[in-house]
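Peer 1: To start, I am sharing the structure in question, which I have written as structure tokens.
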Amino acid sequence: MSNSDPNNRNRTAPSPPEPKPMPPSSWAKKTGFRPKFSGETNATDSGLITIPPPNVDLEAGRVRTPGTANGVAQGDKPPVPIPPPPAIAKKRRESDGVPKNSVPSTNGQAASAAEQPQPRRMARHEEVVGGLPVDDDEFVSRHAHMKYELRDSPGLVPIGVYGVQHFVSILGSLVLIPLVLVPAMGGTHEETSMVVSTVLFVSGVTTLLHIAFGSRLPLIQGPSFVYLAPALAIINSPEFQGLNGNKFKHIMKELQGAIIIGSAFQALLGYTGLMSLLVRLINPVVVAPTIAAVGLSFYSYGFPLVGTCIEIGAVQILVVIVFSLYLRKISVLGHRIFLIYAVPLGLAITWAFAFLLTEAGAYSYKGCDINIPASNMVSEHCRKHFSRMRHCRVDTSQALLSSPWFRFPYPLQWGTPVFHWKMALVMCVVSLISSVDSVGTYHASSLLVASRPPTTGVLSRGIGLEGLSSVLAGLWGTGTGSITLTENVHTIAVTKMGSRRAVQLGACFLIVLSLVGKVGGFIASIPEVMVAGLLCFMWAMLTALGLSNLRYSEAGSSRNIIIVGLSLFFSLSIPAYFQQYGISPNSNLSVPNYFQPYIVASHGPFHSKYGGLNYVLNTLFSLHMVIAFLVAVILDNTVPGSKLERGVYVWSEAEVARREPAVANDYELPLRIGRIFRWVKWVGL
């Protein structure tokens, strides 16, 4: 009966509803990717890998459909995004001067009128912000997790508190490098104390300069681990092996000359606008293995030195791990003190533990004096325990007692720098690697605190000022350049403080602290084994921060997996070939085992009639980060891949930045200096 009804005869079954697109994940929010298919990207906020739908071409970033146009099936309407629930939607701040009806894009550029605003994602357990988990059960917008944003200034007291907290949380990155370099140069405890004070002073000054005239992001400048390996290679050069008197000052002057030339090259790279062109070749797939290789390159130094006093070094590592991981959610007065101060708290507890062992007589041996060199000891018993006494006791350093209460670091305090072209050429390449590091740091930190990513002109301006800052570091004699620290991204995400006023106030505090000589003496008194334990943790963090840049790309793509894998493997294998070339197993080397990878200049495989060229090539190819950068930049820019798959960094357009008051206020130079140099378009908005 029903089939004979003419009204029902031509009626078709209702079509199934169209699948609703899922909101974009954290990576999509930051890069501005708008999915053309109903599904997720391969990386979710919880860190789990989801399998894309069978009709999705992961390599090309589009749907495998016979008849499609721009990723949408012909004849079908594009999916309509779901508006966010009104109860949890957060309004954009209108203090920036942005009209209410304007729709900001999540990738740092203004959205076109035809585009619809994409919905935000509800954090299920925790939201990944800047590559680091930020626990929050509520809706998290891009800046909702920050206590203070870039231009916030709530008052002198809170800004001062957060500024000091910001520098204390990153203090390990500032002071640990001198504790490695100065003893390697043959420096005394007093000279170590002086270098530490100089590093604190230069870091405070260059941070103020960078925030005012560089990228204008709240980024601390300081000695970077990028400079540590090449500095150790220069320190262990063959011409320095036979030095006796004033070895420290002689090598420091050589380092100063190389750093000044390399930093001048970096300044030229930035202020001429060449960085705006090179940045097109630098993408997350290049930055990730390059920075990860910096952390991985010190595996031969870390735990071998910890093993010289395993009961103290292992405790140092375990305490920091417990604080930063197991106790990270414990909050005291609204501050996660164990997560923010994991390094200084771990150092204090381990130092107290080592002090108790020393006072209890655990490292006191009858008839043995730690002040007598091992070569002059008659007793075999004393020579056997000399290493444990030197590494485990905490009362062997006289740096604190010999340090003055007041000391002003001044330029050329070690003497006139010495310039050699072969060492300067090595530092020029290192300055290029440090610029690659800064590109990733600028992008990640801007997504946390600023309204948009910077323009390529602002990026070039920041790189140029980093070069000038490193020139100042070379003149003052810190042993390394003074550039943007990679750890800034972790510190901003953990402290939730993105105000540049706070960082500026903290930099002033650091300058005042550097004038107190006892502070440098106290830091120089940290036992060597504890320094190694802290460095093991910090190098692991640096490796992870480098790899976290892959969140901007399709991490599940076979193209990216192969490129990153090859870059990391060859960054370990090729330098190992250069470092082991010409060294027999029974050779008696004059340097400790953990410094042997840095004497390659004297025995590398390059043996031409030009000794300087041999030095440069043997040294550069023994540096892990150089190999990782070369492999990654060549493969990423020659192997075909879509922009979505490669995760190309999206920078703000200059014209859009000049029209938007929020972006102009974020990155424009203060005191109307930008108007004077407006004709220099490649280093500004």
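Just so it is clear, glycine is given a Cβ too, placed from its N, Cα and C backbone atoms.
TrEMBL does not curate its annotations; it predicts them automatically.
Per TrEMBL, compositional bias 'Polar residues' is recorded for 1-13. The region 'Disordered' annotation in TrEMBL covers 1-122. Feature annotation from TrEMBL assigns compositional bias 'Pro residues' to 14-24, 78-87. The annotation transmembrane segment is assigned in TrEMBL to 156-182, 194-213, 255-274, 305-326, 338-357, 418-436, 502-523, 529-548, 560-578, 615-635.
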Peer 1: Checking distant contacts: for the transmembrane segment (156-182), what same-chain residues at least six beyond its ends satisfy Cβ-Cβ under 8 A?
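Peer 2: Residues 147-148, 191-192, 195-196, 199-200, 203, 218, 220, 222-223, 225, 227-228, 231-232, 235, 248, 301, 335, 340-341, 343-344, 347, 478-480, 485, 487-488, 491, 494-495, 497, 499, 501-507, 509-510, 523-524, 526, 528, 531, 534-535, 538.
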Peer 1: Within the same chain, where does the transmembrane segment (194-213) have neighbours whose Cβ lies under 8 angstroms from its own Cβ atoms, ignoring anything closer than 6 residues to its ends? I mean 6 or more beyond.
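Peer 2: Here the qualifying positions are 174-175, 177-179, 181-182, 187, 219-223, 407, 409, 413, 461-462, 465-466, 468-469, 472-473, 476-479, 482, 484, 500, 503-504, 507-511, 513-515, 517, 519-520, 523-524, 669-670, 673.
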Peer 1: Does the transmembrane segment (338-357) come near the transmembrane segment (529-548), with 3+ Cβ pairs under 8 Å (pairs 6 or more apart)?
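Peer 2: They do touch: at least three Cβ pairs between the two stretches lie under 8 Å.
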Peer 1: Is it true that the transmembrane segment (529-548) and the transmembrane segment (305-326) have 3 or more CB pairs under 8 Å, sequence gap of 6 or more?
Peer 2: yes
